[in-house]
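Undergrad: What Swiss-Prot records for this protein is below:
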type: BINDING; residues: L122, G126, H127, L128, E247, S355, P356, F357; note: (6S)-5,6,7,8-tetrahydrofolate binding site
type: SITE; residues: H230; note: site 'Plays an important role in substrate specificity'
type: MOD_RES; residues: K231; note: N6-(pyridoxal phosphate)lysine
Amino acid sequence: MTRTNLDFLTETDPAIAGLLQQELQRQQDHLELIASENFTSAAVLAAQGSVLTNKYAEGLPGKRYYGGCEYIDKVEQLAIDRAKDLFQAAHANVQPHSGAQANFAVFLALLQPGDTIMGMDLSHGGHLTHGSPVNVSGKWFRVVHYGVDPVTEQLDYEKIRQLAHQHRPKLIICGYSAYPRIIQFDQFRAIADEVGAYLLADMAHIAGLVATGHHPSPIPVCDVVTTTTHKTLRGPRGGLILTRDPELGKKLDKAVFPGNQGGPLEHVIAAKAVAFGEALRPEFKTYSAQVIKNAQALSQQLQQRGFKIVSNGTDNHLLLVDLRSIGMTGKLADQLVSEVNITANKNTVPFDPESPFVTSGLRLGSAAMTTRGMGTPEFIEIANIIADRLLNPEDLAIVQECRQRVAQLCDRFPLYPHLSRVPVLS
């Protein structure tokens with residue numbers, strides 16, 4: 001019988017092995033609706049848990065500061081080539097440890113402290129690294145935030161243009177953590193050109209949709225594109241920088257190393273290469289299309305049950321439920337769905353009167369459960385489970401019924417069954 005990494009871990013450190021097994025069971029037994037999460041393939045898990053974790057490899061393929069990198073170079077070059085092929089980019093750096101590290105490398109390459117940047121307000125769907133005052137991006141740079149239209153709850157490109165002309169930013173950031181609609185990257189390009197700004201697209205949430213043509217690509221029009229490699233791309237947790245400009249790519253490489261990182265995580269880079277290879281296959285395009293269909297089914301059914309959806313729907317993998325329509329906070333809704341084994345997250349909605357610790361919204365995503373094989377009928381049922389729970393917060397019978405319905409869905413669409421034979425350790 002082939003032994004797994006978990007077998008070895010069980011012998012050496014049963015405490016950690018037991019916790020890993022409990023986390024595995026949590027993932028198997030819950031409906032994962034956090035929009036930024038997904039499930040990697042077993043092949044990605046295998047690459048990340050490989051002997052490549054033993055090797056230091058500062059530098060780039062063919063230009064290392066350590067010996068013994070002949071195979072590491074081939075692994076990283078494969079990741080680079082596959083990323084370029086997947087996104088039709090002229091240059092790729094696969095070394096950023098995260099999306100935040102990728103963004104910071106771009107700032108280091110293009111900006112000086114005190115420069116002006118423009119990004120979406122966090123409460124409207126932006127990200128911490130786009131100028132939030134609690135992040136280094138908000139401390140080192142002068143930040144101008146834009147938001148969505150109060151009526152449509154979608155980007156107001158004319159208002160963004162006016163802000164850009166008023167403040168003349170050095171860098172404009174587009175791409176978000178909680179925006180459910182198509183981003184018109186060409187309109188951002190026109191605005192950036194009018195004011196002489198660099199244009200950065202952070203496509204962390206939609207990278208898998210971009211790769212398969214289900215969302216317009218920022219590569220042809222943006223100066224730099226960053227992304228995480230998990231979320232809709234379904235790879236390991238990590239970052240990636242892409243550009244259509246090879247000369248700018250050299251500058252970005254230096255901003256990653258030695259600019260803000262040391263040794264790259266080559267075991268993670270190998271896992272990225274595997275994920276990029278998977279994303280190049282026809283079945284991944286089918287998967288991405290289903291991700292959108294499932295999110296739209298979830299959104300439409302929740303609307304049928306009386307919930308308000310921010311921007312009245314979704315074009316991608318995520319949706320925001322505005323809980324003010326039922327007089328509930330995001331914090332409470334998060335707690336209520338958690339009690340029936342549904343994992344989601346409270347989230348601010350545009351013009352939210354509540355604090356970020358309470359919020360008026362619930363963010364939901366379809367990527368992870370689509371990976372498990374669920375389709376639109378299952379997502380309609382998920383919407384009904386959520387609605388039944390939130391509309392009956394005090395009904396204990398509903399709690400038990402919803403848990404059973406969640407369990408039935410999870411049993412029909414198993415996750416990592418090959419890992420399930422290891423017993424839970426006390």
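Placed from the backbone N, Cα and C atoms, the Cβ positions cover glycine too.
What's the neighbourhood like for each of these?
TA: When secondary structure is read from DSSP and collapsed to three states, G126 ((6S)-5,6,7,8-tetrahydrofolate binding site) falls in the coil class.
H230 (site 'Plays an important role in substrate specificity') has a Cβ environment of 26 other Cβ atoms inside 10 Å. DSSP assigns H230 (site 'Plays an important role in substrate specificity') to coil in the three-state reduction, outside any helix or strand.
Counting only same-chain residues at least 6 apart in sequence, those with a Cβ under 8 Å from the Cβ of K231 (N6-(pyridoxal phosphate)lysine) are A35, S36, E37, N38, A204, H205, A207, G208, A367.
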Undergrad: Where does E247 ((6S)-5,6,7,8-tetrahydrofolate binding site) sit by DSSP, helix, strand or coil?
TA: helix
Undergrad: Any idea of the Cα spread of the (6S)-5,6,7,8-tetrahydrofolate site, L122, G126, H127, L128, E247, S355, P356, F357, as a max distance in Å?
TA: 43
Undergrad: Please report how many Å separate the Cα atom of H127 ((6S)-5,6,7,8-tetrahydrofolate binding site) from that of H230 (site 'Plays an important role in substrate specificity'), as a whole number.
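TA: Cα-Cα, rounded: 16 Å.
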Undergrad: Please list residues from the chain of G126 ((6S)-5,6,7,8-tetrahydrofolate binding site) whose Cβ is under 8 angstroms from its Cβ, counting only those at least six apart in sequence.
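TA: For G126 ((6S)-5,6,7,8-tetrahydrofolate binding site), the qualifying residues are G119, M120, S132, H145, Y176, S177.
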